[in-house]
C-alpha cells in the first residue's frame, strides 16, 4: 500500500528514500490519548505468540489457525530471516499479500517448504508489483485466481480456496493512490468484489483476509482527523466498507475488541512511525455471519517485523 508518513497532513518533500510498490502518502501527528491504558490493544491479542485461550460462542476450542500478512516483498522478507516467524506460528493456512515477484523468482526456501504441501500463487502480469499467495497443509477442494472480471484480474490480487466448510479469500485490495488518483477505480473494484463475495456466501461461509487498504473507523488509525482525504480513510472507502459489512459480514477483530485502541497492522517506513506506533489497521479477517459462531479469536502480531505490515491470525473451531 502507499507509504503513509508519520508527521503532518501535507505532501512530503522530495526524498531519495526508495518507495515500495505504490507511492508514499500523507500523515499527521499523534492524536490518541496514550494514558487511556484500559482501552489500548490487549497484550493477549498483540504482543505474544501464545495460542488462543478463547473458545467460540458455541464453546469449542480452536482447531484451525489462519495467518495473513502483507509481506511487502517475499524475497526481501526471507532475506531478513523471517521464515522463522511462520515456523513459530505454525498456522494451518498462510495467506500473503504484496509478494512482488514472478513465479520464476519464488525463493527456493518456499518451493521446498515441506510444512505447506499445497502452494498457490496469483502473481499478476506486472513484475515486482502486487501478487498474493496461499499455502495450506490441507488440500483445498478447488482454487481460483481472480474474480472473473478481466478489468480487475491482471494485477494478481485475489485467490479463493474452497474448503469443506468455508471459502477462504485472500486479497490485496487496490489502493486509491496519492492524490486519490485511483479512487474511482477503487470504488468500481469495491462494488464488483462485494458482489463476488456475496455470491460465494450464498453457497457456504466465507472468510476474507488480507490488506483491505481501508481503516474503517476513527479508532482504526492514529490520526483520523487530518487523514480524511488520504487513501485508506476517505469517506467513500469507509462507506463502501460499511455497506459491504451490512450484507452479512463481520469485522472479526472489532467483534472481539470493539473499543481497543492502537490496534494497528501497518506503519510507514518514514519518521520512525513504527517505533512511535503511529499506524493504521488495514489488514482484516472479515467473516460471513453464518461462520461467526465458529470463530474463537482474531489476533494481531505487532511484535513481528520484516514488513511495513504485521501478521494477523484467525483462530476457528470447525
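Cβ atoms are placed via backbone N, Cα and C, with glycine included.
Nobody curates TrEMBL annotations by hand; they come from automatic prediction.
The active site annotation in TrEMBL covers 172. The annotation active site, proton donor/acceptor is assigned in TrEMBL to 211. Here TrEMBL flags 309 as active site, proton acceptor. Summarising the annotation, TrEMBL assigns Mg(2+) 2 binding site to 309. Under the heading compositional bias 'Basic and acidic residues', TrEMBL lists 1-11. The site 'Transition state stabilizer' feature in TrEMBL is assigned to 213.
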Residues satisfying Cβ distance under 8 Å from residue 309 (active site, proton acceptor), sequence separation of at least 6:
69, 70, 71, 72, 211, 265, 266, 282, 283
Any idea what the Cα distance is from residue 213 (site 'Transition state stabilizer') over to residue 172 (active site), rounded to a whole Å?
8
Conformational class of residue 309 (active site, proton acceptor) under the three-state DSSP mapping:
strand
According to DSSP, does residue 213 (site 'Transition state stabilizer') fall in a helix, a strand, or coil?
coil
Surrounding CB atoms that lie within 10 Å of the CB of residue 213 (site 'Transition state stabilizer'), all protein chains:
26
